[in-house]
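Q: Let me give you the structure first, and then I'll get to my questions.
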Amino acid sequence: MEERKEEGEAEIQEHGPEHWFSKWERQCLAEAEQDEQLPPELQEEAAAAAQPEHKQQKLWHLFQNSATAVAQLYKDRVCQQPGLSLWVPFQNAATAVTNLYKESVDTHQRSFDIGIQIGYQRRNKDVLAWVKKRRRTIRREDLISFLCGKVPPPRNSRAPPRLTVVSPNRATSTETSSSVETDLQPFREAIALHGLSGAMASISVRSSTPGSPTHVSSGSNASRRRNGLHDVDLNTFISEEMALHLDNGGTRKRTSAQCGDVITDSPTHKRNRMI
């Protein structure tokens, strides 16, 4: 067991991150590690920047000189003696203020340059350290998230797109439910026309055998019924039938009842019942 463990550790070390880089990459990494130090001209400034008390004391000393020179200039102007020129106090005050301004600007610029150099070096150091811990292939989103200081987005498995097959019955039911309101009116009209044709066929008088009792007894009633139907306006009759068949409540019951009454009164129905 111990031998296997040692072999596994050796294999991990053999295939570790340091073995992922080529010879040229290792050389570049070594040079980058050597360049982590600041240039010689900025090393002293960096050492001084590490001790800000020294810079603050120097600036404070220059400020005291400037304040003293300005106060002396004001004093000499108020208490001016005959034959004493104000040029010397003015020159001293101007020199002190100029030195204070120049030293402040230089200190700010040097601190700014040192900050930029240190920032570059720290950035390169962090990126190289991050690259050493990664695999040979680095994802673009990982690099961007590291540089921007954000969490990388979740990785979705890039599975091949699957085609969703919808059964014909399901598709038909979906289409039917979505277009019920569109196809409802023609469907109702077809039912109404079908019921109207059935009613007209029932109302029409069918011929029976000449000389039969049924034919003789129902001849006068049929003739009167035909005359009454001719008097009724066809458009009114169609409108009434359409209204009956398009009605939502009890439509089919009323239609069946009316058709049954008409068929009962028809001569053909009487003939069949008597037979």
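The backbone N, Cα and C atoms fix where each Cβ goes, glycine too.
Relevant sequence annotations retrieved from Swiss-Prot are reproduced here:
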type	residues	note
COMPBIAS	32-44	compositional bias 'Acidic residues'
COMPBIAS	172-181	compositional bias 'Low complexity'
COMPBIAS	204-216	compositional bias 'Polar residues'
MOD_RES	SER167	phosphoserine
MOD_RES	SER212	phosphoserine
REGION	32-51	region 'Disordered'
REGION	80-152	region 'HUWE1-binding and HAPSTR1 oligomerization (HBO) domain'
REGION	155-181	region 'Disordered'
REGION	204-227	region 'Disordered'
REGION	250-275	region 'Disordered'
Q: Within the region 'HUWE1-binding and HAPSTR1 oligomerization (HBO) domain' (80-152), how many residues are helix, strand or coil going by DSSP?
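A: When I sort the residues of the region 'HUWE1-binding and HAPSTR1 oligomerization (HBO) domain' (80-152) into the three classes, I find 56 helix, 0 strand, 17 coil.
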Q: On average, what pLDDT score does this prediction assign to the region 'HUWE1-binding and HAPSTR1 oligomerization (HBO) domain' (80-152)?
A: 83
